[in-house]
Each structure stands twice: as C-alpha cells, then as structure tokens.
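Pulled from TrEMBL:
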DOMAIN    2-118  domain 'MTTase N-terminal'
BINDING   CYS11, CYS47, CYS81  [4Fe-4S] cluster 1 binding site
DOMAIN    139-370  domain 'Radical SAM core'
BINDING   CYS153, CYS157, CYS160  [4Fe-4S] cluster 2 binding site
DOMAIN    373-437  domain 'TRAM'
Amino acid sequence: MPKLKLITFGCQANELDSERITGLLLREGYTLTEREEDADLILLNTCAIREKAEHKVYSRLGTFQVLKRQRAGLKIGICGCVAQQEGQALLKRFPYLDFVVGPGQLTAIAPLLQAGTARGLATARAPGYSYPVDAPVQRQNSIRAWVSIMEGCDRFCTFCVVPFTRGRERSRPPEEIVEEIRGLKRQGYREVTLLGQTVNSYGRKLTPPISFVELLRRIDHLVDGHMRVRFTSPHPSDVTDELAAALAELPSLCEQIHLPVQSGSDRILHRMKRGHDRDEYLEKVALLRAKAPEIAITTDIIVGFPGETEEDFQATLDLMQEVGYDGAFIFKYSPRPHTEAEEMPDQLSEEVRGRRLEQALVLMNRLSLERNRAYLGRTVEVLVNREDAKGDSVRHSGRTRQNKIVHFSGEGVEDGSVVSVAITWASALYLQGEMVCL
Ligand code: 5AD
Ligand code: SF4
C-alpha cells in the first residue's frame, strides 16, 4: 500500500482540511507514515497568512529535492493557501514538485495522482461551498472535532491574503452541518468548534437565509447537553444582541469568544478597512460581558501596520488593558501579495515592528496572568482531553468552558469525561488544581 506523509502548516481550517485530505487518501488505499523517507507521497498543506509561514513552506520543500532523486515514484504535492496564491509559479520554481492544489480543490488530489506522470495544477475555485458531503474526515482527536460551516471571506481587510487564497464567503447548508454534528454525537465526540473566517456572518447568502444564532440554536437543541459547542472566529461588527444572549442562554455554547481586534487605534483600524472602530469594538465587549459575565475574551493583534505611530501603538496597548484580555495572538505586520497594505508607502522597519511585538507580548503575559489568577480558589468544570497534556503522565489535562487549559491530579479519570477541579495555581498559560467529588 502506498504511504502518505502529510505536513500541515497554519490555522484550524488547514488542520481540518488535512483531516479531510487524509480521509480522502485513506479511501484511495494510502496508509499514513511519520517518516518522509518511507513516503510514496509527501503533501504540504500550506499557510500564506504571513511571509514567515510562506518561507517555512519553501525551506521544507527544499529538503525534499534529494529524496525525490533517491526514491523512484515519490510524488510531492502542495495544497492550501500558498498553492492557491502561487499556483503555476510553484511548478516553475520547484521542478521536482508534482502538483499544486488549492484549498477549494481537495477532491482533485486523488484524480491527479491517478492521472500518472504529468504535473498537475488545480486551483480553480468552485462557486459554492466546496466540500463534498460524503468526503470522509480522518479526525486527529476523538473528543473534540472541527466542523466547517463557511469558507472564504468578503471583507478584504487591507493586510489580509485570505479573500485571495480562500475566496469569497460561502456558507454550508445548515442541514449538512446538523447532520455532521449528529454523526459526531453518535460517535461519542464531546465538543465541536464551528469554523469559518467570519463565522458569525454565516448564512446570510443562503436561500432561504438563516442567521448564525439560529444555526447555534439548532445545534444546541441537537447536542442536548452531550457536547460543548464553540466557534471561531467571529467578526466584531457581526456581534449582535442575539449572539450575546445565545452565549448566555444556550447550555451547550461555551462562555468564550475569540474576537480579533487587530489594532486599538481608529486611524489604523480605518487604514486596515476593518469595518469597526475602537468604540464599536468596546461596545461589543461590554455587551458580551453584560449578558455573559463569565465569558473569556481572546483576540488577534497586528503591531507595526504601515504608518502606525507610537501613539497608535499605545492606543493598542491601552485597549488591551481596557478589555483585559484572557489571551491574544500578537503578530508583526507582514506585507502580503495582492493586498492593499502591501502598496502603502509608510512600511515600518523590522526593528520597530520587533520592539512593538516584544512590548505587546510582555503586557499580554501580565493580563493573562491576572485573568487566570482570578480562578484561584474556584472550582471549574473540565472536559478531560489527553491532547492538552504536555507529555506528563502523572497529571490529567483538559479545558474549562472558557477554554482555559487545566492540569490536575486525580484517580480514575477518563478521557472525554467532565470533572470538577478546584484551582490551586495559575500561570499566564494554564491553570492547575485538584479534582473534587461534588
Ligand atoms: N501580517 C500580520 N498578521 C496578519 N494576520 C493576517 N494577515 C496578517 C499580516 N499580513 C493576522 C491577523 C488575523 C490572524 C489570523 O493573522 O491578526 O486575525
Ligand atoms: Fe482576513 Fe479581515 Fe477576512 Fe479576517 S475579516 S479573514 S482578517 S479579510
């Protein structure tokens, strides 16, 4: 049986795509291998969000040139966002590359492999939601699953390559989503995370249209307390009263939101074409906290966007403090092909971007620690999942409804069970405690 080595870079959407690619290729008779040297097919599922991510792909690809010479019949393919962004240029630049497949064309991989020796390109975009319903998903985790509910993005923030790589926004029919989650429930999964680039604009363009909150209600009804439900990532402008109420009221929906802000300066938000300003963002945060006081809020931040002054940067630090984030992914701005910001004249130096990143990370660490310390002495509900453990067999690990990682000791703990843990210690990254029997 031919062997597949699949290497995944990037976001959860890519992780899920890799689970789909694996499912599709297992169906074709492939088996999985960890070792590149044993593989008959090496696939890189790639990320183009920042320059560094793209470079990682090229340097990894470079290491396969020798393997390709040594191993007759070895095929090498690139999928994902770099494939979509670069297309034909990749085949030119890397003569030992066999095929290039965009994120909307996963089902083209098997036919390309069967087609024999010709080098292939599949980056055309399907007009609708592009996952075939019967595509098997070979999931990595048996407790938590990702479920794609929409693809692409229509917002065109000026720094972002996603609308070019993943295309325009397409929502998946609600019946299909509900069916997939029904199947997951049957298989004993305990948590689903609904995925999309701007997940809360789901459903508007479907006929008939359906709101994101209506989808959440249907899912909540279906899982009926047996599963936790999360979603990522919402756009601040589409955080509504109904969504805030749903977070408070739907029992399955976890009190957690990852709400990207990108900058705290109105001037920069405007140049980013984010579609919200600082006040609107803060209003949404206040709304969420008013309805769901226990909610944990995390975010994405870009520092060093073209033209960002010290004052703009300070406004971002102030906003981080004002919100009191539980966590944040903070990135140095990176110019991306096709995007408007790439053309902006006032690009900042690596040194300024690097210094701002360091400063923002120090602040974030302090804020996370403060938020996590508030759990000391409290008892929290933890969904046990071995994947959260860092190779420590003495302790158990899992996550709270707020998505905080908890390590704890206790007897007879099973993966996938929900246990109560009294928190005794907190760091910026995780909590620690003792299991209690209620
Ligand atoms: N440079 C730096 N960070 C970026 N992101 C998106 N595009 C860029 C870029 N060009 C960040 C944003 C987004 C997250 C997924 O990646 O913060 O929310
Ligand atoms: Fe990119 Fe903006 Fe769309 Fe998010 S909302 S995927 S940052 S264009």
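Any Cβ shown, glycine's included, is placed from N, Cα and C.
Projection of TrEMBL feature records onto the structure.
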| residue | record | Cβ within 10 Å |
| --- | --- | --- |
| CYS11 | [4Fe-4S] cluster 1 binding site | 19 |
| CYS47 | [4Fe-4S] cluster 1 binding site | 22 |
| CYS81 | [4Fe-4S] cluster 1 binding site | 28 |
| CYS153 | [4Fe-4S] cluster 2 binding site | 21 |
| CYS157 | [4Fe-4S] cluster 2 binding site | 21 |
| CYS160 | [4Fe-4S] cluster 2 binding site | 23 |
Can you tell me which of CYS11, CYS47, CYS81, CYS160, our binding-site residues, come within under 6 Å of ligand 2 at the Cβ? CYS160
Write down the Cα-Cα distance for CYS11 ([4Fe-4S] cluster 1 binding site) and CYS157 ([4Fe-4S] cluster 2 binding site), rounded and given in Å. 18
I'd like to verify something. Among the binding-site residues CYS47, CYS81, CYS153, CYS157, which ones have a C-beta closer than 6 angstroms to some atom of ligand 1? none
With an 8 Å cut-off on Cβ distance to the CYS153, CYS157, CYS160 Cβ center, who else from the chain surrounds the [4Fe-4S] cluster 2 site? ARG155, PHE156, PHE159, VAL161, VAL162, PRO163, GLN197
Between CYS153 ([4Fe-4S] cluster 2 binding site) and CYS11 ([4Fe-4S] cluster 1 binding site), how many Å separate their Cα atoms? 15
